[in-house]
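Participant: There's a structure below that I have some questions on.
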């Protein structure tokens, strides 16, 4: 395992630099066992890539308070962690279920406080005064952060003692007042053009060297830098604004007077007790003290942290859970010892040292179950109290944030290289001219006796140096000074066009697109890889109960006409309304018994099956109902569960109340009680969940739901509906729905008694309890009777399948990186057209590095052999987090990448935020491609920052991702227009702008070089120096601007219809080295023609009508205007779209110059500003040769360009030339019919191919050994909802 990759990881995550884990094993385990054949750890140890909510206890019982991650020496004096050992406080150990209002653990306020002991400081009265204003500690930008070791000790209810800890102020901005100037200048002068102009401006100040005015370079450079500074400030101010908005949010903080006051987030201190209410975001990392729910439970949603929307359950320690009023919380005295701040989202160790009655210290162990993380949101819990442990940049969320990188685009880097080329050309020209000048001085000085020349060697050497500097200044504008600022302005305007595009405005949430980093717009036109999050980016996070199959009949909310009749001998589908009608009919006693008895019996049986099916949905789950504003809201740790219960409610079986031992369901207006005897929970190996219930009729039944493969193995023989149900499952899977099979059977009292004894024995097992319970469940989950199947739609965002398909047609590879389970990810991949029916899936699920390497190598060689034999098959790679951890190791990463690049689609499941960034970095490092990452949660931030272009979706999951992204959009489908239209346009416009800017400067300044041959290499200037400076800044500034902002090489409609045009940007067709040198050659050709013709026409100096010579400035100004007209003509030739702005820019610039120059030539000499133009106006503007030159020479120059353009388009057209013709003549396109035909073929293929991997609808939190769902639901009695404490 090489050090440089470890260094790469630590650079990716600043937090790892301060906090190094003690044990090098992963996953963390008490014994530290680790396969010896594995290479040392590569993945950040804090990111649990196996299961997003797995507690430490899942990896074996830890010794008391032995810190697994941080190696803290807490073990000696600590109690065992919550839920372990013989402590009386363990859950379910003699404490009555439900409320515990006993004040046993609370010291009465009239007792004296504990005086303290040698090992424990106690709560002495602090004499030091509380500082009135707490300042944030100053830190130099380059100073390394101090590595914190040992423990963090926080005093309880004693704010003065916690003064040393940092504030809760958070900043994500790039600059502040102190760092703006140095950082900004460093960034600006890393652009070679600016560095070069700074050098030129300095040498212009040397007296006697500059042929032009002293300030002609420094003034435009200052303007350029000021414009860039303004843009940078604008962008950073937005970041400061969103930071101050966040810092100014209010939270309720407990005061010493036992009341709550509103405090800003930034003023929250370590040790403060905060009251949070439902739907509040958590302002800092806190320890849960108590809540409104039984036993200190609360629900939080961590979608901002790990992208998962299912609710996580946190539980206060039983010692603090009774503290449900401010006065009680004030009685907490003592201290909290915890680990130092680190970036591990899933671990935490701490011990609360409380002083109980009689001043005896009492220890309360704390773990991840008690930790509420900043950025998470409190859900379905009226209120909780939290004790702040980590604030601001010490919170785990901020420790996971990577520093915002300075991103440079490929085009910018190329421009830098081209500027170096031009600089070399400029040096060559200067050197050539200086050598010419030296030859004159050394060899022809005798003939030029009238020039006072120095004959001494030192004088000549000095002259040589001065000449070089003179010529550098003379030709300096070969490199266009306006280019950098024009690019900045154009990019800023293109960003404004993206922001104001109504097609990317989402009316539902009133959010337009927002381009936060305008400097990256052209990269949007060159993307080759898109890395996307799944939850909330592709899907809406809304589960909807769509279809079900009961007794072999398919039901759906709305049935399409095609499915009604039924095909291939299948029965037609029915609607939910028909099911409800069937349930409400009672059998007719007047029917003729003989003839219809069979039909009636069948109908009755079908009705019973439906009733059983709906009862199962309403009873077999771990959902808790809550009535809000007269509506029942279901709290579930899995969104699928809630969807199934809501589906049952829709069909008339409303689950409305849960008591510790039973559930109540409203069936056709009557409330019926089902006693819950046992719950066999879901986990990822069982893939099913069962509930043993006693119905209202006293009969015992087992209800089971789970993945089809698992249920099929456990059915009794001769099932009537199996074939039909599985045919329906096929249909559902084809539509990308998440499916579950449901089954039941009756259990006799005797069998139940025998089994219950086994189950209780398993539940009492201490070691291997989970396995024992699974084995017990196996005994009763057999000989089941299949009722049918359910289908839930994990709703995709609008237009996702179409967008992904279009992006793939545009040659963009889409990779999905998700924290979700594999089945879910594959399912979504199918439904969003990322994986098609014809693709072969390569699934990597290996347990060790060695196996992963073997598997990847074998598959790679097999695919290479297949491809070499000419078989081209589309592949999709699916890899889980554990295997990905191994695949990212240095030895294997190249094989993994090679395999992944051969695949059309890649899905990585169960990945941690850091792994997402590492995958992006792996591709970025080894491929010369431009990458885009798109996500919506805080867990996507590191990935967004690692890619060349980061896109955040400002959606449901907070704005963390949108804040750190370069572009924020509100729907995934907007990505299509952003890339295919805005991206393609921006790239084409910028390519034109840069090449044209180089061209226009070379044309003008090369005439200056040709003139050197005629002026004895004296460094004489052909044009008046201010007119020369205005060339870039005024006279030719508009054409590149207008081309850069408004030009469209084809319309948005054509780009959308032919996504293949996007490949022009990916292959960088418009901005190649060849294109650059062709433009340079063209500029040299034009300058030679212009100079040559002007010299021929003015040969021997032009005689005027009054007999005088016309003079130098007469010729120079004529040539200047001829150059200007040629350059503007070229701009007209390359413009694809003429708007009013184009007219104002191209002909407008020339008209403006023709009006401005005479005015300037009259006024400047009159006020003594510049005397070269004295008396020129009446002579020049009335001369016929002047107009002849202006009309004839530019036309002659541009004739070649026009002829070449005609030849290219007629005989060697590019793809976009053809698209332009389609657009101009509005040629119809007959492809839709073909697409319909392809759709039909796909449908047939989908039905033909038996799916081996259907996604089943479970995404429940697994918490092996910590909080079992059964215990949680037993804690609830929703019939007594008013008995909850208010917390005041």
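Placement of Cβ uses the backbone N, Cα and C atoms for every residue, glycine included.
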Participant: Select from 1000-1019, 1180-1199, 1200-1219 the stretch of residues annotated by TrEMBL as transmembrane segment.
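Facilitator: Within the set 1000-1019, 1180-1199, 1200-1219, TrEMBL attaches transmembrane segment to 1180-1199.
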Participant: Could you check which of 1033-1055, 1240-1262, 1263-1285 is flagged in TrEMBL as transmembrane segment?
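Facilitator: Residues 1033-1055 are the ones TrEMBL records as transmembrane segment.
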Participant: Examine the ranges 419-439, 440-460, 461-481, 482-502 and name the one recorded by TrEMBL as transmembrane segment.
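Facilitator: Of the candidate stretches, TrEMBL labels 419-439 as transmembrane segment.
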Participant: For the recorded positions listed here (533, 936), which one has the lowest count of neighbouring CB atoms within 10 Å of its own CB?
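Facilitator: Result for the recorded positions 533, 936: minimum number of other Cβ atoms within 10 Å at 533.
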Participant: Residues of the same chain, at least six outside the transmembrane segment (1076-1100), with any C-beta under 8 angstroms of its C-beta?
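Facilitator: Result: 418, 421, 995-996, 998-1000, 1002-1004, 1006-1007, 1010-1011, 1014, 1110, 1115, 1118-1119, 1122-1123, 1126, 1130, 1185, 1188-1189, 1192-1193, 1196-1197, 1200-1201.
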Participant: Can you tell me how far the Cα of residue 682 (ATP binding site) sits from the Cα of residue 533 (active site, 4-aspartylphosphate intermediate), in Å?
Facilitator: 26
Participant: Given a Cβ distance threshold of under 8 angstroms, which distant residues of the chain, six or more beyond its ends, lie next to the transmembrane segment (1112-1133)?
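Facilitator: Tertiary neighbours of the transmembrane segment (1112-1133) are 996, 999-1000, 1003-1004, 1007, 1022-1024, 1027, 1031, 1035-1036, 1039-1040, 1043, 1086-1087, 1090-1091, 1094, 1098, 1101-1102, 1145-1147, 1149-1150, 1153-1154, 1157, 1161, 1172-1173, 1176, 1179-1180, 1183, 1185-1186, 1189-1190, 1193-1195, 1197-1198, 1201-1202, 1205.
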Participant: With DSSP helix as H/G/I and strand as E/B, how many residues of the domain 'P-type ATPase N-terminal' (155-218) fall in helix, strand and coil?
Facilitator: 27 helix, 1 strand, 36 coil
Participant: If you count Cβ atoms within 10 Å of each one, which of the binding-site residues 738, 910 comes out on top?
Facilitator: 738
Participant: Using Cβ distances below 8 Å and needing 3 or more such pairs, separated by at least 6 in sequence, tell me whether the domain 'P-type ATPase A' (246-315) contacts the domain 'P-type ATPase C-terminal' (962-1214).
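Facilitator: Counting Cβ pairs under 8 Å (6 or more apart in sequence), the domain 'P-type ATPase A' (246-315) does not reach the domain 'P-type ATPase C-terminal' (962-1214), since there are fewer than 3.
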Participant: Between the Cα atoms of residue 533 (active site, 4-aspartylphosphate intermediate) and residue 940 (Mg(2+) binding site), what distance do you get, rounded to the nearest Å?
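Facilitator: Answer for this pair: 7 Å between alpha carbons.
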Participant: Considering each pair of residues in 533, 534, 535, 641, 682, 705, 738, 818, 819, 820, 910, 916, 939, 940, all listed as binding ATP, report the largest CA to CA distance in Å, no decimals.
Facilitator: 33
Participant: Any residues 6+ beyond the ends of the transmembrane segment (1180-1199) with a Cβ under 8 Å from its own?
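Facilitator: For the transmembrane segment (1180-1199), the list is 1085-1086, 1089-1090, 1093-1094, 1097-1098, 1102, 1104, 1110, 1114, 1117-1119, 1121-1122, 1125-1126, 1129-1130, 1133, 1158.
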